[in-house]
Amino acid sequence: MSNQHRQILVTCALPYANGPIHLGHMLEHIQADIWVRFQRMRGNEIHFVCADDAHGTPIMLKADQMGITPEQLIADVKEKHYADFCGFNISFDNYHSTHSEENRELSELIYSRLKENGFIKSRTISQLFDPEKSMFLPDRFVKGTCPKCKAEDQYGDNCEVCSATYSPTELINPRSAVSGATPVIKESEHFFFDLPSFESMLKEWNRSGALQSEVANKMQEWFDAGLQQWDISRDAPYFGFKIPGTENKYFYVWLDAPIGYMASFKNLCKRENLDFDRFWNKDSNTELYHFIGKDIMYFHSLFWPAMLDGANYRKPTNIFVHGYVTVNGEKMSKSRGTFIQAATYLKHLDPECLRYYYAAKLSNRIDDLDLNLDDFVQRVNTDLVNKLVNLASRNAGFIQKRFDGKLADKLEDESLFAEFIAQSEQIAAYYENREFGKAIREIMALTDKANKYVDDKAPWVIAKEEGREAELQAVCSMGIQLFRVLMGYLKPVLPKLAERSEAFLQAELTWDNLAQPLLNHGIAPFKALFSRLDVKQIDAMIEASKAENAAVNATVKKEEKNSKKSTALLTDFEPIEPEISIDDFAKIDLRVAKVIKCEEVPESKKLLKFQLDLGFEQRQVLSGIKGAYNNPEELEGRFVIVVANLAPRKMKFGVSEGMILSAGTGGEDLYLLDVDAGVKAGSRVM
């Protein structure tokens with residue numbers, strides 16, 4: 001594909017408007033921003049848009065819990081999101097909201113076209129209904145016992161213990177996660193998008209090169225299982241757009257969310273007098289790219305292109321999918337302080353450090369990326385401070401002091417300069433293909449060559465010898481020329497460092513002008529371009545993150561407590577189980593155990609892994625109380641009560657050799673049973 005005169009529209013996935021941006025979000029936005037900045041440097045017409053995903057039940061409920069309107073909540077969150085992105089130098093041309101008139105108009109238009117073309121069906125379905133809140137419950141707002149493995153406190157769509165999927169109506173003893181009430185089953189008419197009608201088109205499009213091979217292979221699993229009609233409606237009360245021609249039906253958030261890409265661009269078109277249809281018409285020859293995470297790839301690879309096709313719009317040119325971010329080899333953890341919010345990072349560290357580190361580890365595959373904090377410090381200090389910036393500083397002083405800031409009028413080593421310029425197209429190809437890690441390795445290899453050149457020439461030795469002034473100027477100028485080329489190559493990754501370098505060089509860095517050296521050119525006095533990272537900064541950030549997450553958890557619990565009724569109703573309690581005999585009870589062997597070690601099970605949202613001392617032996621027990629204990633290590637040393645003669649059970653995440661007793665309704669409302677001081681591990685509960 002030609003690199004000239006391309007017309008490109010780029011989007012990032014829309015962050016949900018009910019919580020802060022964290023470093024996991026930033027991977028995608030940094031990846032997209034680097035690609036966009038590179039395209040701008042190449043002279044292409046490119047538009048970069050995003051928006052907040054601002055509809056849905058979670059937003060409605062959170063606003064109610066906070067005592068504000070959903071509109072107030074999403075406005076506050078959007079302001080914070082945009083500030084975080086600006087802090088990381090994400091160069092959006094427009095940042096909008098799905099709760100906008102542009103999105104309402106486009107959602108209604110696409111729905112009407114799909115309906116006219118026969119792709120909208122309706123039928124009556126059975127749903128769980130909260131009688132206290134008078135609302136139908138989405139899958140994730142119902143909890144109960146898994147119908148397959150009987151694990152308690154599972155969501156309404158899948159079990160996190162045995163991985164089974166099911167309907168909310170199949171849950172045993174279901175309860176509303178909103179009010180705690182027992183839901184009832186009610187019927188309601190819903191509207192469905194006829195996804196199976198697009199199977200042939202989707203199969204062809206999925207294998208057309210529009211998706212990474214790993215994504216296309218994953219989508220094949222959906223085709224093998226058979227595509228199903230997609231429920232695009234929700235019942236009132238719901239925060240979103242009402243479906244035209246209905247009284248109490250709303251578009252499901254995942255219908256209007258991707259349309260938010262179009263809405264944000266349409267808002268930009270109004271502001272800058274751009275042609276919206278040129279980018280979205282079915283016969284458009286412009287390019288459209290979505291950067292997204294692997295958790296939402298099926299929406300973008302199946303539902304979204306089918307919606308566009310059915311509504312007579314163009315499909316994406318390509319969807320670029322990335323993996324998750326881990327920290328120090330583990331899932332981001334609030335208790336360990338590695339669930340780091342973007343705003344917390346910005347209070348302690350330069351955003352360009354993270355931009356560089358992510359770029360150095362990014363490829364065009366969907367592998368997860370590990371933010372190893374020790375490696376992070378070492379790589380930034382070695383590559384950016386010791387090698388790159390030092391290349392400029394070790395030469396600039398001589399140019400400023402001995403030659404009044406004037407560079408030599410010719411290159412000292414034309415072949416070396418030519419070698420650096422010759423790598424331009426290879427580095428450009430890496431950027432184009434999102435192989436940022438390969439681009440960084442190539443650039444740093446050139447940086448090593450530049451520093452070796454200076455080391456071999458030893459300008460500090462030349463400076464001490466009379467009659468070698470011209471040679472000194474030529475050598476130091478050559479070092480500056482090479483630094484300029486390197487900074488040009490790194491400009492998409494490090495825009496602020498590039499900006500400071502441009503001020504020092506007194507010249508703009510563009511991809512095309514790098515081949516023309518700055519001969520007989522004046523540069524500004526050198527000032528520090530980049531600061532070294534200190535481990536103490538990392539430690540301070542982690543501690544701040546721990547404190548902030550703890551404060552948020554405390555606030556959430558307080559809000560939830562205040563939102564509940566002040567007096568308990570009899571219906572709040574589970575009924576007493578059928579009577580058993582004393583002989584039945586005698587079969588249960590309850591023992592006191594001491595917690596030796598307690599840690600999260602990273603792959604599970606519910607489980608903690610305990611290593612217990614029963615006095616006579618040690619055992620491993622998996623317990624679904626993660627929601628109640630954010631700092632599992634704090635449980636170490638505590639005594640708990642265990643069902644000791646329960647048969648070992650093989651679970652998805654390991655073998656559990658017993659059951660720890662706790663009381664409560666589930667989730668965060670769980671409390672471990674305690675024992676008086678003096679009891680020993682292994683003591684039997686009588």
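Placed from the backbone N, Cα and C atoms, the Cβ positions cover glycine too.
The model shown is predicted, which means the values in this text are computed figures rather than measured ones.
Summarised by DSSP class, the composition of the motif ''HIGH' region' (15-25) is 3 helix, 2 strand, 6 coil. For 15-25, the entry in Swiss-Prot reads motif ''HIGH' region'.
If you take the C-beta of Cys146 (Zn(2+) binding site) and look for same-chain residues 6 or more apart in sequence within under 8 angstroms, you find Glu152, Gln154, Cys159, Val161, Cys162, Ala164, Tyr166, Leu171, Ile172. According to its DSSP assignment, Cys146 (Zn(2+) binding site) is coil. The annotation Zn(2+) binding site is assigned in Swiss-Prot to Cys146, Cys149, Cys159, Cys162 on the grounds of sequence analysis.
Sequence-remote contacts of a segment are chain residues at least 6 beyond its ends whose Cβ falls under 8 Å from one of its Cβ atoms, and for the motif ''KMSKS' region' (331-335) they are 22-24, 325, 545-546, 549-550, 553, 600, 602-603, 630-633. As annotated by Swiss-Prot, motif ''KMSKS' region' applies to 331-335.
According to Swiss-Prot, the ATP binding site annotation covers Lys334, on the basis of sequence analysis. The local packing around Lys334 (ATP binding site), expressed as other Cβ atoms within 10 Å of its Cβ over all shown chains, amounts to 18. Look at Lys334 (ATP binding site): DSSP puts it in coil.
Sequence annotations record features per position, and here Swiss-Prot assigns domain 'tRNA-binding' to 584-686. Across the residues of the domain 'tRNA-binding' (584-686), the predicted structure has a mean pLDDT of 86.
The DSSP breakdown of the domain 'tRNA-binding' (584-686), given as helix, strand and coil counts, is 10 helix, 46 strand, 47 coil. Sorting the binding-site residues Cys149, Cys159, Cys162 by the number of other Cβ atoms within 10 Å puts Cys159 first. The distance from the Cα of Cys149 (Zn(2+) binding site) to the Cα of Lys334 (ATP binding site) comes to 29 Å.
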